[in-house]
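Report on the following structure.
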């Protein structure tokens, strides 16, 4: 029986890194508190996750399903590593991609209202190994909604990879199969994670400041 892969656990008292140690766009400096996960660490961890995914799912056609918008950077980098492994393997498998968008956030609080945008034609998932790629799992309600939708199409297997999982009292207890980092309950931005569409262009995962939320 498959088990969920371990993650890098970042403690509640993790101080992070001073902004001036990294290249941060000037227009964001006042809006950020600290760098929480540097880009290089994200990439190294993503490379390992790709190996875990291929070990678990690499025996059958994979459909990689990206959760937009926040998941696109992690999705692209994870797939690059998976494709590299696939190219250099004695037994390569076909891989296709699809996209879906879920809306559950308003400002820095989860509203509890989840809207599924797209996914009108997910019949291609039938009989396939489906890898859902998400940027962050907060309460877990959003992912549970998506999983119930995907399973209606009778895939052979469904696994979820998320770059981040928050430790929060609001969690419904859901945990993905592949997790990059388990983090404290802080509002983070960067590496395509946004705050009202800002900060997606940051390379690092950073903690937003109160000024940034204003």
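Any Cβ shown, glycine's included, is placed from N, Cα and C.
Per Swiss-Prot, the features are as follows:
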- 2: N-acetylalanine (MOD_RES)
- 69, 134-142, 166, 186-188, 194: GMP binding site (BINDING)
- 103: N6-acetyllysine (MOD_RES)
- 115: SUMO2 cross-link (CROSSLNK)
- 115: SUMO1 cross-link (CROSSLNK)
- 138: active site, proton acceptor (ACT_SITE)
- 142: phosphothreonine (MOD_RES)
- 194: Mg(2+) binding site (BINDING)
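Sequence-distant neighbours of residue 166 (GMP binding site) (same chain, six or more apart, CB under 8 Å from its CB) are 136, 137, 138, 182, 183, 184, 185, 186, listed in sequence order. In this structure, the C-alpha atom of residue 69 (GMP binding site) lies 14 angstrom from that of residue 142 (phosphothreonine). Counted over every protein chain shown, other Cβ atoms within 10 Å are most numerous around 135 among the recorded positions 135, 138, 194. In three-state terms derived from DSSP, residue 138 (active site, proton acceptor) belongs to neither a helical nor a strand segment and is classed as coil. Burial estimate for the recorded positions (139, 142): highest at 142, by number of other CB atoms within 10 Å.
When the Cα atoms are compared, residue 187 (GMP binding site) and residue 142 (phosphothreonine) turn out to be 17 Å apart.
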